[in-house]
Amino acid sequence: MRSSMKTPVSVLRLPRGPDPNSRGFDPNSPRFIALCPTTVPSSSSSGSADEGEQRLRAELRERFLRTLLLMTGKRVRFDMHEHVRVHARFGASDIDVLNLQVSDLETPLGVQREALLRCQDVIACSFEA
Amino acid sequence: MILKMSSLVSMAMRQTPLTCSGHTRPVVDLAFSGITPYGYFLISACKDGKPMLRQGDTGDWIGTFLGHKGAVWGATLNKEATKAATAAADFTAKVWDAVTGDEVLTLAHKHIVKSVNFTEDSNCLLTGGNDKVLRIYDLGKPEAEPQEIAGHTSAIKKALWCNNDQQILSAAEDKTIRLWDKNTKEAVKTLSFDASVSSMEYIPDGEILVITYGRTIAFYSAHSLDLIKAVDAPASIHSASLHPEKDFFVAGGDDFKLYKYDYTTKEEMESYKGHFGPIHCVRFSPDGELYASGSEDGTLRLWQTAVGKTYGLWKCVLPEELSSENSEALYCPPAEIKA
């Protein structure tokens, strides 16, 4: 039978591709819910040490997020791998803190009007509050 | 002559591969998990450094493992798809939680790591790469130094546990495949070839080793390393996989095509075009219903073993149904446009 005569197999839809805004691993998927214990213990049976640690973690996280808010619009110095140090105006971070949106990024090749910095490349950022 | 209904359907239907996009560079390795209560899963290694986890029967993206700073050359999942491991050009192998996507462990090496493989119980990880040394890590004691097995004289391309995780099979650029005893760390047997081995697959059920080199797909006993049979393909082959029931095997390589052979008769049954670049890896799913191929073109494609069967995203449609109202919900791929 000539292959051009054959009907192609029908498909319900195409495979879903990656979400550009996140690294995936949906915490609401049945597998995640079944296999991952909740991060915050609901009872104090595990001891106040865990509760204390959770409180500290929450405080640190809140402090980090507030720092990001404070950085908005400011001129920030980014220390990156391979001894790279650049200055730019900080715009925003994405939800997973994978990329930082900056403006007027000063590079050895000139000033980049708009740019995205990969967080995994950034070691530290500093700015005047 | 009695023909199965599925054969009649296959004869009348043209294979529609499902393309999984998302990678931006060549896909060099892929692996399936076992069958879990949530189905089975597929991990792909890519030169873009971002290995991806997908639902095995649909190709739907689940997540991307972020952390490597170089091309990822090897990727694997444990049977339960709860852990993943990757081997990369950044001189590390990493272990990941395959449910959350979090990086669990980074194992520093002295050179590019090419291959990673879990034991059945997921407690040990075998690595191999360009420093020519096989390493066994105890994942329960990650700070401990790994056990090392030296012997290969060139970069290791693939290393696998075999024979109940008591032995190790490794293929290297030195054109040998060696069988090692895990405890004595001695080479029990060595196979030498004229060309570099391009891929290796171990089938625990039946203890079969599938090897590709040049244009040849060869099947060996994993115990004795005796040759069972060999087949030559029309083009240079980079990877092959044997169906779980051992009735077919598939192979792909330089000419961008996927070949399907009858394992018993060694006859070529079908060949499929679709990829836009050489095929680097091909594997059957654990239930044998589909096989996945990874290519230089940056895509993974899923292919049906029984063309036309309802499975995953493929739907068996009888000719009358195609013209009915129900067909609106179905996607009929356009005819192939020949360049």
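Glycine is treated like the rest: Cβ placed from N, Cα and C.
Record features (TrEMBL):
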type   : residues  : note
REPEAT : B:65-106  : repeat 'WD'
REPEAT : B:106-139 : repeat 'WD'
REPEAT : B:149-190 : repeat 'WD'
REPEAT : B:272-304 : repeat 'WD'
Distant-in-sequence neighbours of the repeat 'WD' (B:149-190), which means Cβ under 8 A and at least six residues beyond its ends: 74, 111-112, 114-115, 117-121, 124, 126-136, 196-200, 202, 204, 207, 209, 211, 222-225
Secondary structure content of the repeat 'WD' (B:149-190), with strand meaning DSSP E or B: 0 helix, 25 strand, 17 coil
For the repeat 'WD' (B:106-139), mean pLDDT (0 to 100): 97
